[in-house]
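S.K.: Straight from TrEMBL, here's the annotation block:
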- A:31-98: domain 'MlaB-like STAS' (DOMAIN)
- A:171-189: transmembrane segment (TRANSMEM)
- A:258-277: transmembrane segment (TRANSMEM)
- A:283-301: transmembrane segment (TRANSMEM)
- A:313-336: transmembrane segment (TRANSMEM)
Amino acid sequence: MSQLPPGFDLLTDDRDSAVLQLTGDWIQGQTHRDFQVLKDELCCLTAPELVVDGSRLGRWDSILMAFLLQSYNQCQEDNIRFTTRNLPDGVNQLLDVATAVPPHAPSAASSPPWYNALSPARLVNELRHHGREALAFLGELSIALWRLALGRANTRFSDFRQFCYQAGPDAFAIISLTSVLVGMILAYLGAVQLQQFGAEIYVADLVVIGMLREMGALMAAIVMAGRTGAAYAAQLGTMQGNEEIDAISTMGVSPMEFLVVPRLLALVVMMPLLTLYANLLGIIGGGIVAGGMGIAPLMFISEGESALGMHHLIVGLIKSVVFGLLIAVAGCRSGINSGRSSAAVGQAATEAVVTAIVYLIVADAAINIICQQLEI
Amino acid sequence: MSDPHIQIRNLTMAYGSRVIQQDLDFDINRGDIFVIMGGSGCGKSTLLKHMLGLLQPRQGDILYNNESFVNASPKQQDSMRQRWGITYQSGGLFSAMTLAENVNLPLQLYTSYSDADRADIIAYKLALVGLAGYQEYYPSEISGGMRKRAALARAIALEPEILFFDEPSAGLDPISSCLLDDLIEQLHDSTGATVVMVTHELPSIFGIATNSVYLDASSKTMIAYGDPKQLRDHSDQPVVRQFLARESGSLQEEQV
């Protein structure tokens, strides 16, 4: 069946009514004349009625309906009566359905101009809002922890155990990989410099002190921020979307005690253990590189032992506790404050990771400065 | 005048070793408003998921226009699915997109309309479901009933020949669900599409359905097939009569 190009003619011979004659096949793939052309012609129309005539209409699909709907709306606007004749039944019925409800006029409130986003007052306001929110979260969390200490909190031990498992043993594989590699990187980094002085043996000191004090805790924390912090935000965000958090609140249980505290405690308990594990594997990684450079394993161990000081280990462990706390706070806060749509949950997870990593680095720097001042 | 559009042949559905329904065998005629009904947990939605190809049947076949869907290649299945419109229980609208973008997506993927034409068609499809002017709203900004209708606008974007509904009036007030039923019926009348609905809302079933099947949870198979009004008065299965007359009784015990 050959296709006729779609078209329309506006016949205005009659004084009482204009006739809109539709011709050809109004289907996908055909270029049709634009509605704008008809709109211009309708503007000059004096007749009080527009009759749409479909006697020469061929095949049709949504494109015809879209055209007719626009014509109908235009006629409503110009106070022209809109009638049809010889149109297929389906077209008439669909037009009836489509015009049953008058179009919704979007509210007149226009969106603010783009430069509003840059206004300093707005930025300060936003910062204040964020600060207040963070403070409120920390306040509620402190109350929840205080109640836990008094033994009155609605925190389930089984939840805590499960989160411990997720934050601990489940993370072993990835922590093993990253810490071995970080240990190797540290060793390489030092080796290049130390070799120039014939002091390769001090690679052992570098790796041991570097891992214990700094890299073990920090690398484990960064991995956990991406892994567990994001998971907390996504879990709590989804629970927010499913109205689970509302349900918990209306049962008279604080979401802080029920949801946040077990997650936070699990991470705080697991982080030092993961750090110890990361330290050990990092040192092994460094040992592998040292072995490659001709340092015998026993030499590496004895040199490393001499560098191993309790204070390094303790500084690293204190860091790991602080990091665990920060990751959990960042993750849970983003999750609890998340919106209810799927996009909002994604946003919450991103925010959790980004804020956690910023917190980590700031806290690490702060702890290092304090240690330096106290000469630990 | 039977002209089977969808044929379910000897279908057995199971999750692992747990059989949900077995020996389903019925036709859905072209132009029907067909209701799949049954008590909670009997496998209505599971049957719909099998018909959509989201789950694989344990046994049996589903035919569309006398072509096997189960044995078709993924590519053929996709081209068959393009002729269907589907609305999900909770709408299934993409929450990160406006209503216009939601309706636009299938048009953009599968049609050759120009951008301007697509914008006109989106306006028309939204007008069909009574949401003219709501193009720039996000799903989270409109009510539950409007979301269902917006999902319907997306489902009819490609002028489907089969429309699937999973619990269309779940969670809607009686007036909204009645309006939605009317809309489904009007669209059905004007486009001639076959409508397949999973529901247990009696007003919908008696209001618009022309044919139906009843899935029984305890015997794990279909126990009634036909016009629901006839079934209510004349079914030889007491459970079906009770279900349709909304009576409680000792026979209606479900075993899950």
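Each residue, glycine too, has its Cβ placed from N, Cα and C.
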S.K.: Using a threshold of three or more Cβ pairs below 8 Å, and leaving out pairs closer than 6 in sequence, do the transmembrane segment (A:283-301) and the transmembrane segment (A:171-189) count as in contact?
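M.R.: Judged by the Cβ rule, the two regions touch, with the required three close pairs present.
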S.K.: Grab the same-chain neighbours of the transmembrane segment (A:258-277) for me: Cβ-Cβ under 8 Å, and only residues 6 or more beyond its ends, written as numbers and ranges.
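M.R.: Residues 141, 144-145, 148, 153-156, 159-160, 163-164, 166-168, 171-172, 175-176, 179, 216-217, 220-221, 224, 228, 232, 236, 239, 245, 248, 316-317, 319-321, 323-325, 327-329, 331-332, 336.
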S.K.: Along the domain 'MlaB-like STAS' (A:31-98), what average pLDDT does this model show?
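M.R.: Taking every residue in the domain 'MlaB-like STAS' (A:31-98) and averaging pLDDT yields 84.
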S.K.: With DSSP helix as H/G/I and strand as E/B, how many residues of the domain 'MlaB-like STAS' (A:31-98) fall in helix, strand and coil?
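M.R.: Helix/strand/coil tally for the domain 'MlaB-like STAS' (A:31-98): 35 helix, 17 strand, 16 coil.
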